[in-house]
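Asker: Pasting in a structure now, in structure tokens, and then I'll have a few things to ask.
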Amino acid sequence: MISLDSLTDTAVPENIRLGRDLNVDKPLGEHAVLSRIREISEKNEIWRSYIGMGYHNCRVPHAILRNIFENPGWTTQYTPYQPEVAQGRLESLLNYQTLVTDLTGLPVANASLLDEGTAAAEAMALAYRQNKRRKVYLSDKLHPQTLAVVQTRAIPLGLEVLIGDVFDIDFSNRDACAVLIQYPDTEGTVKDFTQVVENAQTNGTMVVCATDLLALAILRPPGELGVDIAVGTSQRLGVPLGYGGPHAGFFSCKSPLVRLMPGRMIGVTRDANGKEAYRLALQTREQHIRRDKATSNICTAQALLANMSAMYGVYHGPEGLKNIANRIHNATVVLARGLEDAGHVIENEAYFDTIKVNPTLAVSEIRMRAQQKAINLRYFRDETVGIALDETVEKEDLDDLFWVFNCKHTTAEKVVKNLGDMVLPKEHLSKSPFTRTSEFLTHPTFNTYHSEAQLVRYMKILENKDVSLVHSMIPLGSCTMKLNSTTEMMPCSFPHFTEIHPFVPPEQALGYRLLFEELENDLCEITGYDKISFQPNSGAQGEYAGLRAIMSYLDGRGESHRNVCLIPTSAHGTNPASAQMAGMKVEAVNVDKEGSIDFRHLVAKLEKHRNNLACLMITYPSTNGVFEDNVKVVCEMVHEAGGQVGLCRPGDIGSDVSHLNLHKTFCIPHGGGGPGMGPIGVKLHLEPYLPSHPIVDPMALMQKRARSFGVVSAAPYGSAAILPISWAYVKMMGPKGLRQATQVAILNANYMAKRLEKHYKVLYRGNKGLVAHEFILDMREFKKITGIEATDIAKRLQDYGFHAPTMSWPVAGTLMVEPTESEDKAELDRFCDALISIQCEIRDIEEGRSDPSCNPLNMAPHPIVTVDALRWGQAA
Ligand SMILES: *Cc1c(COP(=O)(O)O)cnc(C)c1O
């Protein structure tokens, strides 16, 4: 009998063990943790926000809130790489793509990006990849955060950014890769861009249009204006504000650009029985294959939120969306007329839901009156005021706004009476060239489920097609599909967390501030870093942010020539993709047959690049599931050569920056492909270089002079609304619980490796014969005799009710198993039994008892139609 401690002492090299308990709070029970987090949430003040800027209140249909957002059957699935057990969310994500293509009037869309800002930056990068021109024009009427993210991302590409009025641009030099416009723009104005589009395109410049899906229910879509790419956020289609995220960013484009499109795309195909089925399309673009040549580093996106928006579209249908859009527009017209009656000047010629008011009274006065009513408005520098309405606005809200602007005798009622007719869009928009005349969402899916009874059944039918953690363990190596406990998830629906605009004055978001501070303290204690930035909203974003911080730091030391990034060949494919995007030169370092960094090769690379070395980027524990003894030495060597060390997993072993995937280790569910959070921890010397933000600057509280490299997400704190999950996890575990979780994860992996080693080859082990928290099973030996490959085993596992482990990564022809600490022995055994039984089936082929061309493995999976068929190998 050996103890947990002695097992982990053997598995984890001594020089990287902490050797003491973590200094985090004693554990709280489930009820105590909920009342604590409720108290924290209630420090946020919920005002009515008419700030706009890409974030709007909306009514999340309760059926969607409860049956998707709060339902582990929809939140805990993995990214849909195994299409047979993912048809439900693949269909829903295809609905999302249809929603985006139909509303934007462009033929293809992806299944979500991280937010509007990064979607715009991806569009710019696509244009640059396409035509290699080094200038990009940005409209000064883009949202400020979009401008900031795009500017930040333009720097390493070496692009010259010009910001101004896009109607004045002369494109005839033919040196601009793209022009970015916004429709309706950040001030709410709707303009006819046809001429700009034509001028740009005749001169080979691509046109990217940031837009608002709800507005497009009644406005002429950008596709009809001829733009090449449309981007934006689908937040207001049924996703709460959540202080900035998570929400889905969208991206649609013309067909010829489809192969350059970032992110994942769902396609329709046929299954073995000839039935229509869905799968991820164009997967050859994945970073794992293209590495530093990848189109983008985006991996985790916003699948869950895309599904919510898709269902919002399914529920309301085209007529419902038009009604909602018309109602908002009507309210805006009423507001504008009322304000004009009182002498205020509306600066927008045409608008959808947002107006810019040049008021007759002082802005300071308006601000005071707004505060009395707990109303947030957008205050421009030029003494004008922005008001953005949304689907939650009622007559009383308009009356309050009239009061704020001191419109003495105006009420919504009166204005409507004066106008005589509530069918205002006829009067306002349809006389303009902007009225939408084309149909959209004509597919039956968007015209069938308009009652709650039907919608709930539709969502359940889709949910039932997928395997998620509510069915069985999902032992995905490197992805850490651990329990996402109900208690951790509950705060995500607290109104004081969900109903708050990201750009409210900081004093209204004190609850969030406290949450960030407490989580930052705990994460610093756990990882050994000094400061955390919560801005990156995925692991890939975290990598990018960390690398940019390193580049800025080196630049600050007058060493901007240092640009070489060493990356072991075993690294996650996002690593080289991120490094390339950050403007670094990627140099690969070999790994030995144990899965460790090839020390001699590393030394040779360090020597060769020592004058230009920027950093070494490693994953720890290594992706092969082994703790390397020599990590500390490696870090020292890199520092000695003048470089920095970026790490993809926590650890206080001499590294300078690290991204933590809270959607793996810290219990945020995967959502079927997002949301995620990829905050970065840094040592003190890198702190001044962390991400900033143009509206709410997280660096503003810092004592030291900030020298931030820029902005990586549209929202200042990324997907803030899911941070309560990780906070609650740490608070419920306490120091002993966290330690024990790690120990049990290592125990579980070693237990499974031990049970399976008699049947399969376990590829890499540390020098004590133990694995870390995950391990690789080598399936390559079966191929020669039986023709069976890792995919066959993965598919056969589906017949046993399991999602396959990570397949053919980081080593081709293998399966990587990560059981996590959440699973009990019975479930581990159930999975091992399945694999052992499969091994017997392989032996049956090997020894002639089973037909090599028709056997349980190569025919897998076996859906009901196959099981029910008269003959095996034929559809019924
Ligand atoms: C998961 C993972 C990533 C990618 O994270 P995303 O959130 O999907 O962008 C990068 N590096 C490592 C080591 C990972 O395990």
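Counting begins at 1 with the first residue displayed.
Cβ coordinates come from backbone N, Cα and C, glycine included.
Per TrEMBL, the features are:
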DOMAIN    741-862  domain 'Glycine dehydrogenase C-terminal'
MOD_RES   K664  N6-(pyridoxal phosphate)lysine
TRANSMEM  709-730  transmembrane segment
Asker: Can you work out which residues elsewhere in the same chain, 6+ from the ends of the transmembrane segment (709-730), have a Cβ less than 8 Å from its Cβ atoms?
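Answerer: Same-chain contacts beyond the ends: 24, 33, 37, 41, 54, 114-118, 143, 145-146, 148-149, 151-152, 155, 233, 240, 242-246, 249, 484-485, 487-489, 491-492, 494, 497-498, 502, 512, 515-516, 518-519, 522-523, 526, 534-537, 541, 544-545, 548-549, 551-552, 662, 666-669, 675-679, 689, 691-698, 738.
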Asker: Could you find out if DSSP has K664 (N6-(pyridoxal phosphate)lysine) as helix, strand or coil?
Answerer: coil
Asker: Using a 10 Å radius around its CB, how many other CB atoms surround the residue listed as 'N6-(pyridoxal phosphate)lysine'?
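Answerer: Summing over all protein chains shown, the residue listed as 'N6-(pyridoxal phosphate)lysine' has 22 other Cβ atoms within 10 Å.
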Asker: For the domain 'Glycine dehydrogenase C-terminal' (741-862), how many residues does DSSP put in helix, in strand and in coil?
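Answerer: Counting residues by DSSP class gives 54 helix, 14 strand, 54 coil.
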